[in-house]
């Protein structure tokens, strides 16, 4: 019988509801409970797949091919549960399904309203997403008081009532600001945020109070008094030097005990030794490398959230401080590759569209010609193929049809036919919808023996997640191979290029998939660990 923990936020956005939820879930998992997490997004987009990275940040791809909120990446990094398309839904998705049923006649001519039809659909999706977990954390996006969040808050109010107090509780994150001129923290914003919640029938059971300064006992007592929350359930969460400390911070204040007692769960004590090891390795590195990351969304680094975290995980696994030097690919176009000098390795991540592509291609050429370790991901592989065709084969007009549909040598092109998650053949074209029409989710990849990528993974077959609609053109591939390009990874059926390497180079690997989506702080990821080791070797060669 699943218990539900609803998580809301107040005062301001971006308080870290996702990380707080994932951290509590990690503690409960460490106590032997089966946990899952859901993210409910109030925006009207059906999913974040076509949203600008500058507005939304990263689109996290699940194993089953859903394009979801980046918080699901936090969830998978903190718990062992694999998220699916059922772990994230939006207002747009809810309305789309309700309207489809209305058109089909499922409501028998009823007037479709927010209550009960929209709220019932939200509740149905929460219950479905929770599955058979012991505890389901349900994070409501946005801030209490936002008009967009109201149907979700009403739905969880109803669900709390329906399942009963022994199976549902509410955690509310708020901000306790520090006023420097007064020299004290202020509790009034938290009081008003809880007042807003209570006005719609929701009484928090726990408050997690975010602050950049310590919150003293008297302030916590004051918050408890004015919000009708137990004093021990007012949890102080100050800024920390690594997010992987947060499970220990919450555990030290007894948050998991409050949950277990409330739900009457029989479970063991929490063993957080894995997290202590992660934090120790993160904060006490023995080595250091600098890696140039050449991207096109550098104004909002959340666009590369999983990738940045994955590089940190590789540092943890190698006891190495990984300093990422963020370089906008357009700056390389304007200022040249001198921006890359001094880097121990070069990383080119994915992206869409023509802007900044020539800067990425220049970064690839610099890495290849100067024997600097290189890792390309998704577009980072495609630009590596383009660079090789131009500068090794001499095809000056080589390009991707994404950027130049009439180029003379389209070494990367739109794949027009493949199988969807059900095994059915799906045909697509340039005129297909942009949303939900990519090669998405986990796919098998066969690795070549004696390759750098095979050495990293230590096995012949891997499963990695994809998010792209362009592939290496098989018609021109033989020319690339003849010129020395090595194809060291192919799709399970052998039809598509998944990994390339360059001969006579210390470490040059580019992959079509996104390995960052499966990297975790406790386990790391073999490809990123191999990349950091290559950067360490490069640094030693330069010394």
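Any Cβ shown, glycine's included, is placed from N, Cα and C.
Remember, predicted model here, so these are calculated numbers, not experimental data.
When 277, 465, 469 are compared with the L-glutamine site residues 351, 379, 380, 381, 382, 402 in Swiss-Prot, the one appearing in that site is 469. For residue 514 (active site), the same-chain residues that are 6 or more apart in sequence and have a Cβ closer than 8 Å to its Cβ are 61, 306, 350, 377, 378, 464, 465, 466, 467. Taking the Cβ of residue 381 (L-glutamine binding site) as centre and 10 Å as the limit, one finds 28 other Cβ atoms among all the protein chains shown. Checking Cα-Cα distances from residue 71 (ATP binding site) against the binding-site residues (222, 379, 381, 402) with a 10 Å cut-off leaves nothing; none qualify. Pairwise Cα distances among 14, 15, 16, 17, 18, 19, 71, the recorded ATP-binding residues, top out at 12 Å. Residue 139 (Mg(2+) binding site) carries a strand DSSP state (E or B).
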